[in-house]
Each structure stands twice: as structure tokens, then as C-alpha cells.
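A short worksheet on the structure shown next.
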Amino acid sequence: MANITRMANHTGRLDFILMGLFRQSKHPALLSVVIFVVFLKALSGNAVLILLIHCDAHLHSPMYFFISQLSLMDMAYISVTVPKMLLDQVMGVNKVSAPECGMQMFLYLTLAGSEFFLLATMAYDRYVAICHPLRYPVLMNHRVCLFLASGCWFLGSVDGFMLTPITMSFPFCRSWEIHHFFCEVPAVTILSCSDTSLYETLMYLCCVLMLLIPVTIISSSYLLILLTVHRMNSAEGRKKAFATCSSHLTVVILFYGAAVYTYMLPSSYHTPEKDMMVSVFYTILTPVLNPLIYSLRNKDVMGALKKMLTVRFVL
């Protein structure tokens, strides 16, 4: 907050202008309705998944505990950007103060970083379940799961605490127009009138590290899973193992692919329009897709949903 105040004193201005999605749309009202519906579906889908996991005893396992954490992150993730964007469209306002921008940036970085590490933790959980089934209850007991989940949230917040203060401390005098629908680090950094090349290099290295550690864990886990599945004699066992892992791999590819584009590709690959479309995909659409991916192909989740609906219908 002190850095943001110093920045405001230096520039004499405290508001950014979010250019957003709606300026380029021929039908902004229709786009607003679509995004609002998607937002509600994301919240309701993830909330239902959390409720099912909490209420159904058959889903009280480490795998579903981590899925519930992912749903919680997705609900917070989409809530950081979409409500502000829709409210601005309704009110006809596109300004965001520096403190609000910094807070949005911090929450976004924290949640994105936490999800990176959570997806790696989920891959490790699948490795233990498939490769060491007899030791699974001991290796992944409730205390270990809580520790791993807490570690994911903590490591994600490190990214937010590192990048947000530095980004918001730069003097902004070229322009105050953020060509994005929220305060994303690259979109804000480009507005600075000071030399940010060193910071961009450090940010790149930080993002590589944030991606490299989880990707290494995920790759190693699935390599060992493939070796174990290959040695299985039971075709049914192979099918179940692949079904369990395919949902997680789908989410990993969607989320990490978008992150690699945003933070690791050279600036020559980027345009404001491309960046916004990619951001729409992983900040708005991914939270909608995750509960569908984890539930539609999961017999236990669908069984719990049918049971809950049957009980409510009978009552």
C-alpha cells in the first residue's frame, strides 16, 4: 500500500482505465449476459461439487478433498475478475484505483500460483494411489492432505507477494489505459515509463520456476503411473487408472497451456487481443469446465449427485 501511495504521489493520478472486453464487441449487452451466465454456472457447478464431496461419505478420500480445494480456488479465481468487469459495464465505469488494481493482481497471482501447485499435488496423489495402493491410506492420511493443501495456498501467495509490490511501485506516465479486462501483470507493466527489462527477466524466471516445479512433479508422477499401469494384468484396472488420470491431465493441459502463453512466450507473440482471449479462456471458462471434467466422467460423483437429487425429490 505504501508503494502504491508513493506511485500516486509521483504521477499525480490514482486511477487506471480498464479497456476491457466490451469495447471491441458489437453486442456488449449480449456479451455481458453470456459472461454473467457463465459466471453463475462456474459458481454453482463448483459449489455443488464441494457440497457433494462434503456430504457423501464415499467421496471422503484424498482425491476428492483436493478436487474440492480446486473447486474452491476456481470459485475465488473467477470472482476476482468477472464481478468487477460486469459491474463496470452496467454502471458505465471503466476505472480502477491503484489499490484496487494491486489487490486484484495479488489475488489473481495467489490463486493462479496455488492452482499450479495443487494440480501437481493431485498428480502426486494419483501416483501414490496407483503405484502404492496398500500404503496409500498411510502416505495420504488426513493430516498429510491438509499439510499439502496448505502448502499449495502458501506457495501461491509467495508469487503474489513477490510480483505485486514491485509491479505497482513503477512510475506510470506513458498511459493509464490497461488493454485488458483486469489488472494482469504484463498488461500493467507495459504502461511503465521506466526501464522494466530487468524486472521482466526476473518475472520470467519466477514464472519458469513456478511452472517448472509443478510440471516436473506432474511429469514424474505420470511417468511412474504409466510404468505401473503397463505392468497391470487386469484390463479393468488399466481402464480405471486411465479414467482417473485423464480428467486431471485435461485440466493440467488447459491451465498450464494458457499460463505458458501468457508468461513465457516472447512479447512478439503477444497482442492485446490475443492476451485477452487467452485470459478469458483460463480465468472465465476453465472454472466452468473443471467441475464438468471431474464429474461427468466420474461414476462416484455422478452417483452422489443422483443420490442427493433423489433424496430431495422424495422429501
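Cβ from N, Cα, C; glycine included.
Summarising the annotation, Swiss-Prot assigns topological domain 'Extracellular' to 1-29 (among others) and lists sequence analysis as the type of evidence.
Residues or ranges marked as N-linked glycosylation site in Swiss-Prot (evidence: sequence analysis): ASN3 (among others).
If you look up Swiss-Prot, you'll see ASN9 (among others) marked as N-linked glycosylation site, on the strength of sequence analysis.
As annotated by Swiss-Prot, transmembrane segment applies to 30-53 (among others), with the evidence given as sequence analysis. Remote same-chain residues near the transmembrane segment (30-53) are listed as 21-22, 59-60, 64-65, 67-68, 71-72, 74-75, 78-79, 82-83, 85-86, 89-90, 284-285, 287-288, 290-292, 294-295, 301, 304-305, 308 (criterion: CB distance under 8 Å, separation of at least six residues from the stretch ends).
Summarising model confidence by region, the topological domain 'Cytoplasmic' (54-61) averages a pLDDT of 88. Under the heading topological domain 'Cytoplasmic', Swiss-Prot lists 54-61 (among others), citing sequence analysis as support.
Listed by sequence, the residues of this chain that lie at least six past the ends of the transmembrane segment (62-83) yet keep a Cβ under 8 A from its Cβ atoms are 35, 39, 42-43, 46-47, 49-50, 53-54, 104, 107-108, 111-112, 114-115, 118-119, 121-122, 125-126, 129, 140, 145, 148-149, 152, 181-182, 244, 251, 283-284, 286-287, 290-291, 294, 300-301. The annotation transmembrane segment is assigned in Swiss-Prot to 62-83 (among others) on the grounds of sequence analysis.
Residues 1, 4, 7-8, 14-22, 28, 32, 35-36, 39, 164-165, 168, 178, 181-183, 188 of the same chain, all 6+ positions outside the topological domain 'Extracellular' (84-104), place their C-beta atoms under 8 angstroms from a C-beta of that stretch. For 84-104 (among others), the entry in Swiss-Prot reads topological domain 'Extracellular', with the evidence type sequence analysis.
CYS193 (disulfide bond) has a Cβ environment of 12 other Cβ atoms inside 10 Å. Here Swiss-Prot flags CYS101-CYS193 as disulfide bond, drawing on sequence analysis.
Annotation comment: Swiss-Prot describes 105-124 (among others) as transmembrane segment, evidence class sequence analysis.
Helix, strand and coil counts from DSSP across the topological domain 'Cytoplasmic' (125-143) read 13 helix, 0 strand, 6 coil. The topological domain 'Cytoplasmic' annotation in Swiss-Prot covers 125-143 (among others), and the record cites sequence analysis as its basis.
Within the chain carrying the transmembrane segment (144-162), a Cβ under 8 angstroms from the stretch's Cβ atoms is held by residues 62, 65-66, 69, 105-118, 121, 124, 206, 210, all 6 or more beyond its ends. Annotation source Swiss-Prot lists transmembrane segment at 144-162 (among others), citing sequence analysis.
Taken from Swiss-Prot, the feature topological domain 'Extracellular' applies to 163-199 (among others). Only residues 6 or more beyond the boundaries of the topological domain 'Extracellular' (163-199), in the same chain, are considered here, and those with a CB under 8 A from a CB of the stretch are 3-4, 6-7, 10-11, 13, 15-21, 80-81, 84-85, 96, 98, 101-102, 104-106, 108-109, 206, 262-263, 270, 272, 275-276, 279-280, 283.
Annotation source Swiss-Prot lists transmembrane segment at 200-223 (among others).
Summarised by DSSP class, the composition of the topological domain 'Cytoplasmic' (224-240) is 13 helix, 0 strand, 4 coil. What Swiss-Prot lists as topological domain 'Cytoplasmic' is 224-240 (among others).
If you look up Swiss-Prot, you'll see 241-263 (among others) marked as transmembrane segment.
The topological domain 'Extracellular' annotation in Swiss-Prot covers 264-276 (among others). Within the chain, the topological domain 'Extracellular' (264-276) has long-range Cβ neighbours (under 8 A, six or more residues past its boundaries) at 19, 21, 24, 179-181, 184, 186-187, 204, 207-208, 211.
All protein chains shown were included, and the count of other CB atoms within 10 Å of the CB of CYS101 (disulfide bond) stands at 23.
Sequence-distant neighbours of the topological domain 'Cytoplasmic' (54-61) (same chain, 6+ residues past either end, Cβ-Cβ under 8 Å): 68, 300-301, 303-304, 307-308. Listed by sequence, the residues of this chain that lie at least six past the ends of the topological domain 'Cytoplasmic' (125-143) yet keep a Cβ under 8 A from its Cβ atoms are 62-63, 66, 220-222, 224-225, 228-229, 241, 244-245, 248. With DSSP classes pooled into helix, strand and coil, the tally for the topological domain 'Extracellular' (84-104) is 15 helix, 3 strand, 3 coil. Residue counts of the topological domain 'Extracellular' (264-276) by helix, strand and coil are 9 helix, 0 strand, 4 coil (DSSP-based). Non-local neighbours of the transmembrane segment (241-263) in the same chain are 63, 70, 112, 115-116, 119, 122-123, 126, 129-130, 184, 186, 203-204, 207, 211, 214-215, 218, 222, 225, 228-229, 232, 269, 275, 278-279, 281-282, 286, 289-290, 293-294, 297-298; each lies 6+ residues outside the stretch with a CB under 8 Å from one of its CB atoms.
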